[in-house]
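Everything below concerns the one structure shown next.
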């Protein structure tokens with residue numbers, strides 16, 4: 001075959017490579033000998049480009065090397081595809097060699113060669129080399145800007161990516177040609193903005209996207225959704241608006257909006273999106289979709305829905321997927337079924353550090369510290385090395401059970417034995433462990449010895465311990481530090497108010513309340529969740545909105561009569577108001593967890609377990625009441641509060657009244 005036109009030759013070579021090479025699997029040399037005019041550089045360029053585009057990067061480099069051995073003079077089109085092949089192979093050595101050859105032949109300043117070099121160096125983690133190439137480009141275009149921004153984003157340098165984007169805007173405003181960032185570049189910029197802790201940054205780039213008319217595109221829209229899921233200030237409403245505006249929604253779109261809902265505690269909305277996705281015949285779901293829905297289940301404690309998702313996982317053959325498997329473990333643990341979680345854990349063929357950590361954390365939050373500390377050495381023996389989060393889970397398990405000796409042991413072993421530097425979360429666990437165990441001074445001394453500045457979690461852990469052990473002096477020290485860090489957190493004021501109330505210092509209680517009022521601070525409402533027949537019911541304190549409210553209060557009144565007969569005496573210390581005892585008792589009767597428990601008993605079969613999720617710590621009175629109710633009605637209640645799980649059964653609690 002002899003093709004005289006270079007354009008025809010390009011088409012012929014590409015066609016033959018696609019047909020014969022991928023069917024008969026003939027090697028590159030045979031194809032060259034039969035079809036390629038080896039003295040023509042354009043023939044070589046077409047072969048290199050075709051191989052690079054089809055993913056045969058190694059053979060693309062071989063073709064480029066073969067061409068150079070023939071001493072052919074390469075054109076500007078010879079280098080970009082060869083450099084792209086180096087990127088795909090993460091071959092920095094060949095990449096630098098190709099760069100050197102481009103320099104020798106005078107193509108280093110070519111915009112397409114330079115952009116390919118930026119991508120290659122960024123892909124190989126050589127950002128300094130990439131930036132040097134970028135800075136030496138005499139006349140940049142949008143491809144070179146985008147390549148460098150993406151390089152920074154790819155390597156986790158979010159600040160540099162955002163800074164370069166700002167430079168682009170300045171460059172663009174001064175340029176009569178007005179370059180326009182494309183959707184690929186915007187995806188990188190949005191991704192970087194979402195990881196920079198600067199107020200309003202995500203919102204600013206969102207406005208930029210709208211002005212450029214990219215807000216309806218699926219790739220940009222999905223990245224914006226992910227940015228808002230990571231904490232964009234616009235909130236859920238803005239994320240939903242973005243989702244609704246995306247014209248051709250794909251699987252990532254659905255996954256992202258479900259993630260926003262799940263992380264915002266709006267589980268019903270996440271479930272509704274999933275139902276819509278299941279009914280959508282065009283978009284299919286995958287392992288990430290199921291993991292996202294399982295996250296929503298974990299937040300809401302919707303066990304029945306979680307079981308349905310688990311069944312779907314089994315039908316799809318995804319139970320061995322390490323991400324999905326770990327999500328199942330986490331879901332069952334947070335729905336109060338730690339033994340079911342353990343069965344799922346044991347069935348996993350491939351476990352990674354997250355799988356082990358999820359199971360250890362599950363045991364810890366349920367108060368099974370012994371099992372958590374038994375599983376931890378087994379993890380080490382299996383060859384899986386514990387990481388930062390693993391030690392947080394181990395120390396938290398020790399804290400829930402008051403195992404201060406074991407806690408110190410593993411805290412001290414972190415750096416020396418495993419090379420994990422203790423961080424704020426680990427110190428927070430230790431302060432919580434020592435404080436709750438009554439070693440307040442030791443907890444305070446540990447804070448004083450910290451190599452890093454204590455954050456609000458550290459001081460709030462000590463403040464909570466001060467309330468348990470009624471230490472007003474240390475509480476005032478703690479809250480002073482907390483107000484320096486964050487004076488707008490209602491929780492700190494409420495804790496201090498409770499500590500003053502426990503000490504009978506009502507003037508100080510009123511003073512704290514006046515400070516809150518003057519600063520416009522409002523206590524976030526406590527609420528409890530309970531799933532029934534696939535729907536999550538939400539209860540507030542003194543709830544007047546629930547459809548069954550009249551029956552619930554009637555049932556509670558009857559329960560209260562039985563409680564009094566059983567010897568119940570209300571614990572009014574949790575009511576932080578200077579009012580008479582009768583009024584305090586009336587307030588306690590309508591706490592959200594009691595309403596949820598009553599609703600659960602009324603609407604489930606006798607003998608079944610009732611699961612409740614509380615967003616705040618269960619108060620002492622509710623804790624005592626639920627213990628007694630479990631004995632009166634012969635039911636088990638599993639309550640997850642902000643601290644841990646409580647399994648109420650036969651008049652007792654799994655926490656041993658230590659929470």
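Heads up, the Cβ atoms here are built off N, Cα and C, so glycines get one too.
Here Swiss-Prot flags 458-533 as region 'Type E motif'.
Per Swiss-Prot, the feature region 'Type E(+) motif' maps to 534-564. Sequence-distant contacts of the region 'Type E(+) motif' (534-564), counting only residues of its own chain at least 6 positions beyond either end whose CB sits under 8 Å from a CB of the stretch, comprise 267-268, 271, 300, 302, 304-305, 525-528, 589-596, 598-599, 601-603, 625, 628-629, 632.
The annotation region 'Type DYW motif' is assigned in Swiss-Prot to 565-659. Across the residues of the region 'Type DYW motif' (565-659), the predicted structure has a mean pLDDT of 82.
According to Swiss-Prot, the repeat 'PPR 1' annotation covers 40-74.
What Swiss-Prot records for 75-109 is repeat 'PPR 2'. For the repeat 'PPR 2' (75-109), the DSSP-based tally of helix, strand and coil residues reads 25 helix, 0 strand, 10 coil.
Here Swiss-Prot flags 110-144 as repeat 'PPR 3'. In terms of DSSP helix, strand and coil, the repeat 'PPR 3' (110-144) has 25 helix, 0 strand, 10 coil.
Through the fold, the repeat 'PPR 4' (145-171) approaches residues 115, 118-119, 121-123, 125, 127, 130-131, 134, 179, 181-182, 184-185, 188-189, 191-193, 195-196, 201 of its own chain, all at least 6 residues removed from its boundaries and within a Cβ separation under 8 Å. What Swiss-Prot lists as repeat 'PPR 4' is 145-171.
Long-range contacts of the repeat 'PPR 5' (182-216) within the same chain, counting only residues at least 6 positions beyond its ends with a Cβ under 8 Å from a Cβ of the stretch, are 142, 145-146, 149-150, 152-154, 156, 158-159, 161-162, 165, 223-224, 226-228, 230-234, 238, 242, 245-247. The repeat 'PPR 5' annotation in Swiss-Prot covers 182-216.
Residue counts for the repeat 'PPR 6' (217-249) under DSSP (helix as H, G, I; strand as E, B; rest coil) come to 23 helix, 0 strand, 10 coil. Residues or ranges marked as repeat 'PPR 6' in Swiss-Prot: 217-249.
If you look up Swiss-Prot, you'll see 250-284 marked as repeat 'PPR 7'.
Residues of the repeat 'PPR 8' (286-320) grouped by DSSP class, helix first, strand second and coil last, total 27 helix, 0 strand, 8 coil. Annotated repeat 'PPR 8' per Swiss-Prot: 286-320, in sequence order.
Annotated repeat 'PPR 9' per Swiss-Prot: 321-351, in sequence order. Within the chain, the repeat 'PPR 9' (321-351) has long-range Cβ neighbours (under 8 A, six or more residues past its boundaries) at 287-288, 290-291, 294-295, 297-299, 301-303, 306, 309-310, 313, 358-359, 361-363, 365-366, 368, 382, 384, 609, 611, 638, 640, 645, 647.
For the repeat 'PPR 10' (352-386), the list of distant contacts is 322, 325-326, 329-330, 332-334, 336, 338, 341-342, 345, 393-394, 396-398, 400-401, 403, 406, 410, 418, 420, 640, 644-645, 647, 654-656: same-chain residues at least six beyond its ends, Cβ to Cβ under 8 Å. For 352-386, the entry in Swiss-Prot reads repeat 'PPR 10'.
Counting same-chain residues at least six beyond the ends of the repeat 'PPR 11' (387-422), those with a Cβ under 8 angstroms from any Cβ of the stretch are 353-354, 356-357, 360-361, 363-365, 367-370, 372-373, 376, 379, 429-430, 432-434, 436-437, 439, 643-644, 655, 658-659. Annotation comment: Swiss-Prot describes 387-422 as repeat 'PPR 11'.
What Swiss-Prot lists as repeat 'PPR 12' is 423-453.
Look at Swiss-Prot and you will find 1-24 tagged as transit peptide, backed by sequence analysis.
Break the repeat 'PPR 12' (423-453) down by DSSP state and the numbers are 23 helix, 0 strand, 8 coil.
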